[in-house]
Structure formats: C-alpha cells, structure tokens
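*Asks:* Have a look at this one before I ask anything.
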C-alpha cells in the first residue's frame, strides 16, 4: 500500500539462500505497491548480538554491579545507547510493519536475531512498566514472522514429532512481539525448503508473494494461549 513503511529484519548468512529469495520477493512486491522498504541484513551488518555494557556510551548508573535492563533503560532516557541500537530503533519507530525473515534454529531465532531483539527492544523504547502487551510502546504497528524450517509440515502438527508449529511461536509472537505492543499477523512458515523440489520451492516463494499483495487487509491473530495451544 502506497505510503506504508516496512522494515524487514533479515537473519541469514547467505544472500542466495531460500531465505534470501523470500526476503527479495518481499522487497519487490512491497516496493511495487508503493511501500518504502528498509532491510536490516544482520549478518551483512555484522550486528553485535551480545548485550554488554558497551551498549551504553554514557556513565553507568551503578558501575559496581552491572544490570543490563536497568542500564539500557536509563541510557535510552539519557540518549546514551550505542549508535547501532538507536539506528535500529529509528527503523522500527518509522515502520508500519516489521517482517522477521529467518530460519528456525532450535525452535527459535538465530543468535544474531535474538541479539537484535535483546538489544533493540529495550525498556523505554519497546515497553515499560506499566506499558506492555496491549499497552506496549510499539502498539499500532504490525509484525510478522516469516520462518523456514528443516522439518516437514507433517512434523509440525499436533500429532507430529515436533508438535504443532504454533507451540514454538508462543515465546516469539506473544512473549516478545505482543509484549511490546505489536499486532501480530499470522506467521508465514515455509516447511523444509532444502528437501523440497524446485517446483515446490517456487510455489512457496509464489505463495509468499501472493500473500503480500493483500497483507494490509489482514487481521492480526488473537495472540493468546488459546490460539497457540487450544484444541
């Protein structure tokens, strides 16, 4: 939709990967719609994933006992966070939709993306106390997880060996994105692209592109325990 701003947070080492193809088609389709699309390519940026005292450029409030959450909250208020954090916060602040494109690692995100979440979504910027879940500071924004898996779709069902795919999404969709106030759109899961045929992979990319054509008409999921775990 013309005038909308989209941030794609992309976490894959290889530009020619299937994840890279999904990222590229999202850039192409959303740009075609007139959206302004920004990509944070975390590996290309060599993003620091570790949450350390180097994230604070000013004086620590308690240099004797370091508490990352307390210090980054204070640094956010004092505008003394490291520039790589504030650069990403600016991108999030300006975005109407944030898409996270990544391969599933151990039922979660790659370490570099976890580091992005740990460092960028700090108290004062993404949430506060009070000021979380429906009152989170990023309310009014949309978020979407576009995930690739190693296992097949059958493995990620209630009777499959890995359980329903919604189970592993709970900490990310509810505990991170919803906690920060995002309205969460249904995930885009591309199952087992490495063992899929070329025709099947093309179908996954085409399905993602087609979905993006009407993404602005979608309603967010009810980000509740019942949605993730209900029968």
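The backbone N, Cα and C atoms fix where each Cβ goes, and this holds for glycine too.
Okay, so Swiss-Prot annotates it like this:
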- 12, 18-21, 104-107, 148-151, 156, 194, 201: FAD binding site (BINDING)
- 80: phosphoserine (MOD_RES)
- 127, 128, 129: substrate binding site (BINDING)
- 174, 178, 223: Zn(2+) binding site (BINDING)
- 197: phosphoserine (MOD_RES)
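For the listed features, I'd like the structural context: burial, neighbours, distances.
*Replies:* Reduced to three states, the DSSP call for residue 151 (FAD binding site) is coil. If you take the C-beta of residue 151 (FAD binding site) and look for same-chain residues 6 or more apart in sequence within under 8 angstroms, you find 161, 162, 191, 192.
For residue 80 (phosphoserine), the count of additional Cβ atoms within 10 Å of its Cβ stands at 17 [all protein chains shown].
Sequence-distant neighbours of residue 128 (substrate binding site): residues of the same chain at least 6 apart with a C-beta under 8 Å from its C-beta are 137.
Secondary structure from DSSP puts residue 178 (Zn(2+) binding site) in a helix. All protein chains included, residue 178 (Zn(2+) binding site) registers 24 other Cβ atoms within 10 Å of its own Cβ.
Sequence-distant neighbours of residue 197 (phosphoserine) (same chain, 6+ residues apart, CB-CB distance under 8 A): none.
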*Asks:* I need the neighbours of the Zn(2+) site defined by 174, 178, 223. Which other residues of that chain put their C-beta within 8 angstroms of the C-beta centroid, in sequence order?
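*Replies:* My list of surrounding residues reads 133, 170, 173, 175, 177, 179, 184, 224.
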*Asks:* Closest to residue 127 (substrate binding site): which of the binding-site residues 19, 149, 178, 194, going by Cα position?
*Replies:* 178
*Asks:* Starting from each candidate's C-beta and looking 10 angstroms out, tell me which of the binding-site residues 105, 127 has the most other C-beta atoms.
*Replies:* 127
